[in-house]
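Engineer: The domain 'O-antigen ligase-related' feature in TrEMBL is assigned to 194-339. Positions annotated as transmembrane segment by TrEMBL: 31-48, 60-78, 84-103, 115-136, 156-176, 183-200, 206-223, 230-249, 327-349, 361-378, 384-403.
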Amino acid sequence: MNWFTFVCLSIVFLITPFQWGLYYEPDIRLWELLIFALFILNVIWYWVKEPEVLIKNKLYFLVLLLPFMYLITVPFALNQEGNWNTIFRFSTYAFFFLLLIWTKESPRVNRLYPYVFHVLGAAFLLFAVANLFGLIRLDMFMVGCEPTRSCGPVRYPNTFGAIMGAYWFYIFAIFIRRKTFRRLDVLLIILLAGYGAILLHTYSRGSYIFFAGTFALAFLLLIKQWKKFILFSVSALVLFLVAFNLLTFDQHKGIRLIPDSLITRISEISLSTQNAVTRFDFYKEALAMSKESPLIGFGGDSWTIYYPKYANRLFGLNQVHNGYLDFLIEIGWIGIAVYALFFGLMVFLIFKSGKALKHRIGVILALTMLFGHGMVDYDFSYGTYWLLIFWLIAVGVGVRPFAKENIVYR
């Protein structure tokens with residue numbers, strides 16, 4: 001059962017990002033049914049054959065509180081259809097996570113989780129490069145996805161920039177903690193350069209900001225290797241600037257260490273830009289809305305019902321552009337507290353796990369990048385974003401040895 005479930009979860013993880021990152025409801029429907037069926041099948045299997053797996057991992061059932069916070073808003077949700085869609089979505093994410101936890105009880109399967117994570121990262125990178133050179137063309141995309149920016153399969157440069165940053169930090173932490181160089185590390189260096197270059201090519205100012213913040217956290221977590229950290233950081237910076245130049249050579253008509261387009265984009269980071277002003281207007285309206293139901297919110301997808309002026313905007317323009325304010329207006333302060341406590345507990349379990357320190361730090365940094373950027377965009381509206389988050393947590397948390405001989409079969 002472990003191998004069958006692992007293969008199914010890996011297929012979902014590797015294929016679904018290329019369906020708009022599971023942003024739209026029609027794209028996620030089939031996968032919701034598949035994961036639900038797989039979840040029921042696993043519950044029955046473990047209940048009959050290996051109940052110890054369910055018992056010793058009972059703490060992870062707290063993930064079911066995430067969809068439950070939307071469920072309690074059903075009697076007064078402004079958008080019943082949208083709320084139920086959100087309930088089904090978060091139930092799917094929760095089931096996906098529990099299946100990952102149960103399946104990793106097999107040591108051989110557990111060892112494969114990071115590799116599957118890297119395979120998806122490499123696929124993201126290949127997609128972005130192919131799109132950059134015109135081998136893949138995006139017919140439809142989110143606002144801001146222009147030919148000069150890498151949007152990835154999620155078709156939104158800002159969210160894709162955060163994802164690339166998460167992958168970069170995961171590999172970065174592994175290299176800093178490496179004691180010996182292996183031949184396979186050449187591939188990881190290529191990925192590191194590629195992730196950094198594509199992150200730069202998203203021209204996402206929010207991703208740049210949270211990359212810098214996560215980088216500061218990386219220094220604190222890896223301060224014991226500060227000399228190696230500085231040396232490798234400078235080398236990595238030069239590496240992905242060179243890669244960025246090579247990927248954008250035609251756009252810049254030559255090679256400069258820091259192209260003018262990048263300098264211009266970084267110089268535009270300001271709270272006074274039109275983009276920032278517009279987002280602050282969104283935030284003010286979201287806070288005003290939340291005051292009318294501060295504790296439990298208005299249910300899922302209630303933003304456009306409360307503010308009809310945003311209802312007919314497509315491709316991301318109908319979003320709050322802040323995942324946490326989205327939670328505030330949908331499930332209130334109680335819901336946000338539940339989410340914060342759950343993910344805080346997961347971070348604690350990652351730190352306390354018996355995994356190699358390089359993997360724990362890599363997971364924490366990647367999660368910091370993902371959760372941080374969710375503060376300034378609608379990343380949490382993408383199913384792919386949540387699958388990445390839960391896969392990373394599954395990689396980071398520990399597991400008790402799978403003693404098959406101690407299992408009592410019924």
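Each residue, glycine too, has its Cβ placed from N, Cα and C.
Help me picture these features in the structure, burial and contacts included.
Structural biologist: Secondary structure by DSSP for the domain 'O-antigen ligase-related' (194-339): 103 helix, 0 strand, 43 coil.
Counting residues 6+ beyond its ends, the transmembrane segment (60-78) has Cβ neighbours under 8 Å at 84, 86-91, 93-94, 97-98, 101, 293, 296-300, 302, 305-306, 330-331, 334-335, 338-339, 342, 345 in the same chain.
If one looks beyond the transmembrane segment (115-136) by at least 6 residues along the same chain, the residues whose Cβ comes under 8 Å of a Cβ in the stretch are 10, 13-14, 17-18, 150-153, 160, 163-164, 167, 170, 191, 194-195, 198, 201, 247-248, 388, 391-392, 395.
Beyond the transmembrane segment (230-249), the same-chain residues lying 6 or more positions past its ends with a Cβ under 8 Å from any Cβ of the stretch are 129, 132, 172, 175-176, 189, 192-201, 215, 255-259, 261-262.
Non-local neighbours of the transmembrane segment (361-378) in the same chain are 158-159, 161-163, 165-167, 169-174, 177, 206-207, 209-211, 213-214, 217-218, 221-222, 279, 316, 319-324, 326, 343, 347, 350-351, 385, 388-389, 392-393, 395-396; each lies 6+ residues outside the stretch with a CB under 8 Å from one of its CB atoms.
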Engineer: Over the span of the domain 'O-antigen ligase-related' (194-339), how high is the average pLDDT in this prediction?
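Structural biologist: 84, rounded to a whole number.
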Engineer: Please report, as numbers and ranges, the same-chain residues at least 6 past the borders of the transmembrane segment (156-176) whose CB is under 8 Å from any CB of it.
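Structural biologist: Here the qualifying positions are 21, 117, 121, 124, 128, 141-142, 144-146, 149-150, 185, 188-189, 191-192, 195-196, 198-199, 202-204, 206-208, 210-211, 214-215, 218, 221-222, 225, 228-229, 232, 236, 316, 358-359, 361-363, 365-370, 372-374, 376-379, 382, 384-385, 388, 392.
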Engineer: With a Cβ cut-off under 8 Å, give me the same-chain residues at least six positions beyond the ends of the transmembrane segment (183-200) that come close to it.
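Structural biologist: Hits for the transmembrane segment (183-200): 118, 121-122, 124-125, 128-129, 150, 152, 160-161, 164-165, 167-168, 171-172, 174-175, 207, 211, 236-237, 239-244, 246-247, 262.
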